[in-house]
Amino acid sequence: MSNGKTGKINKEKILGIIKNQGILIFFALLLFSVSLVSDRFLSARNIILVLRQVSITGVMACGITFLLISGNFDLSIGSLLSLTTVVVINLHDKIGPVPAIIITLGVGILIGIINGTLVGYIKLNSMIVTLGMLTVLQAVTLIYTGGTYSAISRPDEAWFRFFGRGYILRIPTPVIIFGGLVILFHIILNKTVYGKYLFALGGNRTASEYTGINESFITFITFIVTGLTTALAGIMMGSRLMAAQNYIGEGYEFTVLTAVVLGGTSLFGGSGSVIKTLIGVLILGFLTNAFIIMGFPYYVQWIVQWGIIIGAVWMDVASKRGKLWA
């Protein structure tokens, strides 16, 4: 009898270690393994390169972390990234960088309002709503650009380039923006009533409503936050490339979701961490970089991301059942 209890306790301990510390162990093993293959993998230059590359994904991941914790999805962020990127690029030459940035942020907020209203107040399923919005935004982007390539005619605009290519104390501006957002969102999630409500909604929505939490309003605000972070990512993307195709954000919804769940945020809501999302983003970035250094085909990255999603779902289900296998 005691052996059975001991075995159960050991399994629970193993599950707890994997769930809480597995991401750090995996990250350390990744860095160590690839550094044995390539001397330049952990060079200062390569680390800065990876940090710059993951910043756009990271900014979007901050918003998605909030949304997943609350028990919702947003599959439209890739299409919204495409739209906001081409909007800021096309408006830059016509009305100037500052108005272009303000309007682009407004576009992100507007899409967040629409998604938030449909999910929060009309009570439609978030996955269905945002899947439909994905298609709508693709169409809007094509109509807006006429299907043509968008580019800034004054690429020497230093002020606008600063968001995507600038440096502060030798640190890339996108990295600083991402880092600042991580700190801000971590504080909001752990030190404010809004953050507590997000965990409560994702953990038990029905019970939360009985305790007086305005579920509709919290959901509404969270979709706006997601739209805003995606628009900010679009501005950073436009500033970095100074040009964009209509489909430039295609696939980002999958990449961002992979990074967030890799960081331990539950796909079923109720648990998550912005700091662990940061680690998830870094792992995905260094993993992609390792594939490039070792000469793996690009499609391998998508296979690995699929595996991460499946693994995350398995871990979520296992943690709820209290066992790793049936």
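Note that Cβ sites are derived from N, Cα and C of the backbone, with glycine treated the same way.
Predicted automatically and left uncurated, TrEMBL annotations should be read as such.
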Of the residue ranges 73-97, 98-122, the one that TrEMBL records as transmembrane segment: 98-122
Recorded stretch that, among 49-69, 128-146, 167-189, 217-237, 274-293, has the most CB pairs under 8 Å to the transmembrane segment (98-122): 217-237
Interface check, the transmembrane segment (217-237) with the transmembrane segment (128-146), three or more C-beta pairs under 8 A: no
Cβ pairs under 8 Å between the transmembrane segment (274-293) and the transmembrane segment (49-69), at least three: yes
